[in-house]
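A.B. asks: Quick one: structure below, then a few questions.
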C-alpha cells in the first residue's frame, strides 16, 4: 500500500488498550456545505459532486448512501467567516473555493432525516455569535424531527473575519473563548435538562390542560455573559441534550471535552502524535469523573482505495493533479492564525504562536520532537488532499489492515472520513474496505435501534449520570455554577 510515511508512522501498542482485533471500527463521513471541503482544488475533478452542495438531492443521496453502509453519521463542519490570513486578504480563499461560498449546515438535516432512519447528524455551530436561548430551541426541534439523531459539534470560533463581521473588533483570546463556551453550554444544559419534567406534557382533554405548569420551571440563569431567567419553550426531545461533539485538542480544549463531549474528533499527522493525544483525552475524562471510554474518539483520515494497489495509486496520482497547494496553505494559515505566504517553501513553521487552533501547532512541535520538521512546502503538498489528517492509499485489504493498525496503536474508536471527491471516496470505501472489515467481524452489519446517543454508547437516550449536563436535571441537588 502506498502510504504517506511522514503522516502515518508505525507505533507501539499502548498498555491498557481495548482489544483492537475485536473492537468495532466506527465511521463518520466528514463534509461541509460548500465545495471541496478539505481537499482544495478537487472540485475541478469530473467525478466530484461537491459543486452540487446547494441542492437537496446531493445531501439526500449522500445520506442514503451512508446509511446503506452503517456509518454512525455525517459530521458537517462550518465556518462563519472567510480564510483571510493567507496574504492578508480573502482572495486566495475565494479564488480556490476554500470553504467559500458556504451555506448553513443546520438547514440540511431535516431533508436528510426524511430519507433515513438511523444515520446520525453532527452539526457544527459556534458559541461566539448566537445567543443560547434560541439555539436551544433550534436543536430541540431537530432532535424531535429526527427522532433523536442529532449531535452538536461545539466550536468556539477561530476566524477573526467572523468576529469582525459580527461587530467585534477581534475574537476573544483562545482560552477566553472556552470560558465563554463553558457558560454557553451551562445555559443550554439548564434549558434542555432542568426546565421541563419528563411528565410535564399531560394532554388532558377533559380538563383542557396540555402542559402542567407546575412541572415547567424557569432556569433563572444570571452569569457573566448571559441572562436567561425563563423556561425552555420546547418540550423535551428524545435525547433532551443532543449528543455533544467536540474537536479541540489543546489543553483547554481537552478540559472542555472531558466535561462535555460524548464524541471527540481529532486530527494528527502520525500514529505517535495521535496516541499521545488520545491518552491525554482519556486521562482527562477520568480526571473529570467519567469513564475513559465514555467519549468515542474519531480521527480524521482520507482513504483512497480501489480494486488493487495499482488502481488506488493511479487514482491518488490523478487526484493530486487537481489539488491546489495554495488552497491548502490558505486553510493552514487560517487554522494556525499565521500568514504562511510570508514564509519560504523550505522554512519550518513549528515555532510560531497562534490565537487560532492551538492543537495544530502542538502537533507540529510533537512531530519535530519525533524528527519530522514540517515546512511551508510540506503543508501545501501534503494537506492539499484531506487537510490535517493522513491520506492512506491502497487496496481494500491493505486499507483494512491500516485502519486496524491505527485503532490498535492509538486507542481510537473510529475514523472521521474526509473525501477527495464526493461521493466517490465514500463509495470506494463502501465497495472495497467495509466488506473486508465485516468479514473480520470489526464493522457492524446493522444499526443498533434507538437514538444517536444509544447507538454510540449503548446506555440509553439521555446523558449519563457522570456527564456535566446531568447536574442540571430537574431535582439535581448540586448544579455547578
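Keep in mind that glycine also has a Cβ here, set from the backbone N, Cα and C atoms.
Feature table excerpt (TrEMBL):
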- 78, 124, 174, 178, 250: FMN binding site (BINDING)
- 44-408: domain 'Luciferase-like' (DOMAIN)
A.B. asks: Tell me the Cβ contacts of residue 178 (FMN binding site) under 8 Å, same chain only and six or more apart in sequence, or just say none.
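C.D. replies: In sequence order, the residues whose Cβ lies under 8 Å from that of residue 178 (FMN binding site) (at least 6 apart) are 156, 248, 252, 253, 255, 256.
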A.B. asks: Specify the count of other C-beta atoms within 10 Å of the C-beta of residue 250 (FMN binding site).
C.D. replies: 17
A.B. asks: With every protein chain in view, how many other Cβ atoms are within 10 Å of the Cβ of residue 124 (FMN binding site)?
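C.D. replies: If we count other Cβ atoms within 10 Å of residue 124 (FMN binding site), we arrive at 21.
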A.B. asks: With every protein chain in view, what's the tally of Cβ atoms within 10 Å of the Cβ of residue 78 (FMN binding site), excluding that atom itself?
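C.D. replies: So the Cβ neighbour count for residue 78 (FMN binding site) comes to 19.
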A.B. asks: For residue 174 (FMN binding site), name the DSSP secondary structure in the helix/strand/coil scheme.
C.D. replies: helix
A.B. asks: Express the predicted model's confidence over the domain 'Luciferase-like' (44-408) as a mean pLDDT, rounded to an integer.
C.D. replies: 92
A.B. asks: Would you mind checking how many other C-beta atoms are within 10 angstroms of the C-beta on residue 174 (FMN binding site)?
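C.D. replies: If we count other Cβ atoms within 10 Å of residue 174 (FMN binding site), we arrive at 19.
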A.B. asks: In Å, how large is the greatest distance between any two Cα atoms among 78, 124, 174, 178, 250, the listed binders of FMN?
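C.D. replies: Largest pairwise Cα separation, rounded: 20 Å.
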